[in-house]
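Here's the structure, in structure tokens; my notes come after.
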Amino acid sequence: MEFSVKSGSPEKQRSACIVVGVFEPRRLSPIAEQLDKISDGYISALLRRGELEGKPGQTLLLHHVPNILSERILLIGCGKERELDERQYKQVIQKTINTLNDTGSMEAVCFLTELHVKGRNNYWKVRQAVETAKETLYSFDQLKTNKSEPRRPLRKMVFNVPTRRELTSGERAIQHGLAIAAGIKAAKDLGNMPPNICNAAYLASQARQLADTYSKNVITRVIGEQQMRELGMNSYLAVGNGSQNESLMSVIEYKGNPSEDARPIVLVGKGLTFDSGGISIKPAEGMDEMKYDMCGAAAVYGVMRMVAELQLPLNVIGVLAGCENMPGGRAYRPGDVLTTMSGQTVEVLNTDAEGRLVLCDVLTYVERFEPEAVIDVATLTGACVIALGHHITGLMSNHNPLAHELIGASELAGDRAWRLPLADEFQDQLESNFADMANIGGRPGGAITAGCFLSRFTRKYNWAHLDIAGTAWRSGKAKGATGRPVALLSQFLLNRAGFNGEE
């Protein structure tokens, strides 16, 4: 699907369809008022007859409106004008895309980007429209033999901006939006792949392909079990012991900063391609969704794709910690004591608290890069789902400025995170009689004690932890990976690169 921006009058658009908003109760948006005036009150007459109230989600498709060059006008209900916020704006765009696709409009000029969204500029509105459009049209049908496609799918979308001065920022918004949307799609595709296909080797192959595509400044190295043993990554290795699939850590290095002294930002993704729970096996119900336990790695992969596509002037390293947690004769057990790469020892009380055992060794490994910051992304705890539900990602950090940056980026991207405390009081719950620490700290504050566990391996750099257990996928009828938090991390890196959308 193609996207572009232009600045023009609505009545002069020779398009299959133009899209304008209507507010509650039956109030025309400024652009719709222009069309109404030129059509001698045709649109307002329809509204007076009660054809459209302007409530969110309502639509009315008009054909051959007098004095208008476009074949059709799509009126979209936007709710009350003062209540149009970021979330409502994206829902309006989503409804627009679905309606255009369902009605066979292959191209359209969209004036919704001229609606007022409090505190958001045209760059934001165009970029969010692109990302939302791509999200709306996403489907995962690679493994289906019968693929259903619309008869006349939407192929071209033009977003109108108020003045020619804003064309440059609009074009930049489309460029950024497409790169982020492609990263989200890549993350969703990886997450939705079944575990018999998407194992650690598959993750490694995707990481290598990324380096092949962007060979100018992307290098991928894959570290296998033999090298992990030499490095002392015994905790990571223990988790994969019960699986026939080899544990593989894929390290993607992107160099975009011309300065020799520039330190990298490191992203670490938990990549449990299937988590049965191991010996502490999970209940059968819903276990199929444990293929999504690699969504942290999928998100890091998606972000690295975005960074390489936009050639951001940063150094960024993405680590995909691929592994599979299975029961078996070689599987690690409750009661085992593991010596981590850091030298600290961990008593295993539950083999289903495995993500932190993989991440702790990776967080030690990345010290060698002398990072500016490290952010790990993991479907880590069911406790985070209880705390924050399925809408907001949990954030913990040992560095206040980094935490504030991430929260700000999450708000701007519409991919929200909420900070949880890493208070010393919670550390006591990890005490063990037989090792330096236990791998679980009981039910109270489970998301926080998991963060506390990881914090013991991140003392040499600024670090943040994103627990995406509640936000990485949806269950039920809309089952599938969400691609979160690709948008959050993309915004964070765009901010770091100086692209704050204020041009």
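Every residue gets a Cβ built from N, Cα and C, even glycine.
Feature annotations, reproduced from Swiss-Prot:
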type	residues	note
BINDING	LYS270, ASP275, ASP293, GLU354	Mn(2+) 2 binding site
BINDING	ASP275, ASP352, GLU354	Mn(2+) 1 binding site
ACT_SITE	LYS282	active site
ACT_SITE	ARG356	active site
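On the structure: features taken from Swiss-Prot.
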| residue | record | Cβ within 10 Å |
| --- | --- | --- |
| LYS270 | Mn(2+) 2 binding site | 31 |
| ASP275 | Mn(2+) 2 binding site | 26 |
| LYS282 | active site | 15 |
| ASP293 | Mn(2+) 2 binding site | 28 |
| ASP352 | Mn(2+) 1 binding site | 19 |
| GLU354 | Mn(2+) 2 binding site | 29 |
| ARG356 | active site | 27 |
Between the Cα atoms of ASP275 (Mn(2+) 2 binding site) and ASP352 (Mn(2+) 1 binding site), what distance do you get, rounded to the nearest Å? 8
Applying the rule Cβ within 8 Å of the centroid of the Cβ atoms of LYS270, ASP275, ASP293, GLU354, what extra residues of the same chain belong around the Mn(2+) 2 site? VAL239, LEU272, MET290, MET294, CYS323, ASN325, GLY355, VAL358, ALA378, THR379
Quick check: of the recorded positions listed here (LYS282, ASP352, ARG356), which one has the Cα closest to that of LYS270 (Mn(2+) 2 binding site)? ARG356
By CA-CA distance, flag whichever of ASP293, ASP352, GLU354, ARG356 among the recorded positions is nearest to LYS282 (active site). ASP352
For the recorded Mn(2+) 1 site formed by ASP275, ASP352, GLU354, name the remaining residues of the chain with Cβ within 8 Å of the site's Cβ center, in chain order. VAL239, LEU272, SER276, GLY277, GLY278, SER280, LYS282, MET290, ASP293, ASN325, THR351, ALA353, GLY355
